[in-house]
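Trainee: Got a structure for you, questions after.
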Amino acid sequence: MFGGRQSNNKSNDSLEQLINRATDETLTNDNWQYILDVCDNISSNPEEGTKQGIKVVSSRLASKDANIILRTLSLLVAMAENCGSRMRQEIATTSFVQESLLKKFTDRRLHKTVKFRVAEVIKQLHDSFKTDPSLKPMTDAYNRLVNDYSQYSAETADGPAKPAKKERSRQDKKKEEDELQRVLKLSLQEYEREQTVKKSYLNNKPLPQAQNESQYQEQPRQQQQQQQVLQNQPMHSTPTGQQSTQSPAESQTIATVSKVRALYDLISYEPDELSFRKGDIITVIESVYRDWWRGSLVNGKTGIFPLNYVTPVVTKTPQELSRELDEENRLLAVDSKRIDKLLALLSSNPETINEDEITRLYGDIIPLRTSLGKFIDKYNVRKEELSVLNSQLNNEVKLYNDLMDSSISQRVTHQPSGMSMAPYPTGVASPTHSSFSQANPSMLHQQPTSSGFGNARGNSSNEYFHSQQVPPTSFNQQSQPHSQPQPPQQSGPQRHNTEFSNINNFPNVNNI
C-alpha cells in the first residue's frame, strides 16, 4: 500500500519535471520532443496524470513570464489532441477556461503577442471540441472571444487574404499607360508654367531704385504682375472642367507611387513572391497583375506582392525635410554635448557629483530617445540601400569587364592567319627595315591589309610604315645636310613566302 503511494508520488514528480522542462523559460521555440514526453507520461496513467497535468499547466499559465505562457499554450493544445477524452473534459471546464485563458485578455501587463496566442489556442480548441456537446464551455469561450475581444482574434492578427493573380486586360494596361502619360503631361505643363512665370518676371523686373520708398512701392506691383500672369496662363491640353488635382483614391497608381510600406507580415513560399515583415519599405518597379505589383526590398530581394498588404509611402514636403534636417543638426550639435557631459559626470568621482545637475541633464536627454532611434533607423536603412547599390554596381562592372574580355579574346581567336603572319613588303632592301621589322613585329601585326598586297593604289600603305620608321643608325653622321640625294639602286623583285598569290605583282623600284 505504501509502495503504491510512493510510486504515484514519483510519477507525479516526474510529470511535473517533464512539464517544467517542456515549458522552460529558456526555450526559444516549442520543443516537440519534450511535449510528446509529457503526453506519453499522461497517457500511461490517465487517471492520475490528467488531474496532475492540468494542475501543473494551470500554475505555469499563471506565471508572469511571457515565454513560459507561450510554451505552455503549445503544450495545452498537444495534451488536448493526444491525451484522450479525460484531458478534454478537464480542459473544457468553466473554471479552467475562465481563470487560465479568458482572464489573460484583461491583464494590462501582459504583452499583446501572448493575447493573440491565447485567442489562437481558444479558436483551435473550439474547432476540435465543437462536435462534442459536453465540451460546450470551450464554445462559449470562443463566442465571448469573438464578441468581447475581437481585436485579438486570428482574423485581426493575420493579414488579409491574398488576392488572386488575375492577368491584366488590355483595357487595364491602356488605362495605366494613359494615366502615366497624363501624369507626365501634367508635370511637363507645370514645369512650363513655372518657366513662363520666371521668364515673365525677369523681363518685367524693374531697375533698382536708389530710394527705399520707391522699392517698397514697386514690390506690390511686381506681385500683382506675377498673379496676373498666373491667372492668364492657359492650360492648353486640359479639357474644360477638368481639374489637374486628383483625389487620393485616383492618384494611388503605379504612375504616382514609388514606395510602399508593409502593413502585415507576409511569408510566401512561391518563388516569384516577395516575403517581408511589417514596416518594411518596398520600392515599386512595375505592375504585374491586377492587384499585384513587383518591387524590391532594401536588401535587394525582388518579387511580386499583393496590394492589400501595403500602403503608399507619402513623400515628405520640402518644409518637412528642412524641419527634419534642422532637428538632426540640433541633435548632433547641441544635444550630443549634453549626452557627453552626462557620461562624464557619471564616470567622475561619486563624492563630487552634483545630483541636481545630473537629474536635469537626464531629464533633458530622455525625451531624445525617440528622435535618436528614428534617425538611427533612417540612416541604417539608407546604409543598407547604398550597400546593395554598391554590390549591384560591382556585379554589373564585373559582368561588363568579363564581356569585354571574352569579346577581345574571340576577336583575336577568329582573326585570319594571313593578317597576323604577313610581312610588310617593300622594294628597298635596307638594314634599317630588316632590323625594325625584327624588333617590332607587333607594329607590323597591327598594319591593316584590307586591299591586299600589291593591289593598293598610291602610297597610302607605305606612308604608315615610313611614319613609324626609326631613324637609321648605320648612316654616316658627318654627311652634309644639303647633299644631293642618291638615286636608288635597281633591284629585282624579291621573293617572299609563296603563301601570298599576289606577291610577284610588286613593281620594280624604278617604276614606283
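Including glycine, each Cβ sits where the backbone N, Cα and C put it.
What you are looking at is a predicted structure, and each value in this text was computed from that prediction instead of being measured.
According to Swiss-Prot, the feature domain 'VHS' maps to 22-153. Residues or ranges marked as region 'Disordered' in Swiss-Prot: 153-180, 200-253, 411-512. According to Swiss-Prot, the compositional bias 'Basic and acidic residues' annotation covers 164-180. Feature annotation from Swiss-Prot assigns domain 'UIM' to 175-194; the stated evidence is sequence analysis. As annotated by Swiss-Prot, compositional bias 'Low complexity' applies to 215-233, 502-512. If you look up Swiss-Prot, you'll see 234-253, 429-476 marked as compositional bias 'Polar residues'. The domain 'SH3' annotation in Swiss-Prot covers 255-315.
Describe each of these features in terms of where it is and what it packs against.
Mentor: The domain 'VHS' (22-153): residue composition by secondary structure is 105 helix, 0 strand, 27 coil, according to DSSP.
Secondary structure of the compositional bias 'Basic and acidic residues' (164-180), assigned with DSSP and counted as helix (H, G, I), strand (E, B) and coil, comes to 11 helix, 0 strand, 6 coil.
Per-class residue totals from DSSP over the domain 'SH3' (255-315), listed helix then strand then coil: 3 helix, 27 strand, 31 coil.
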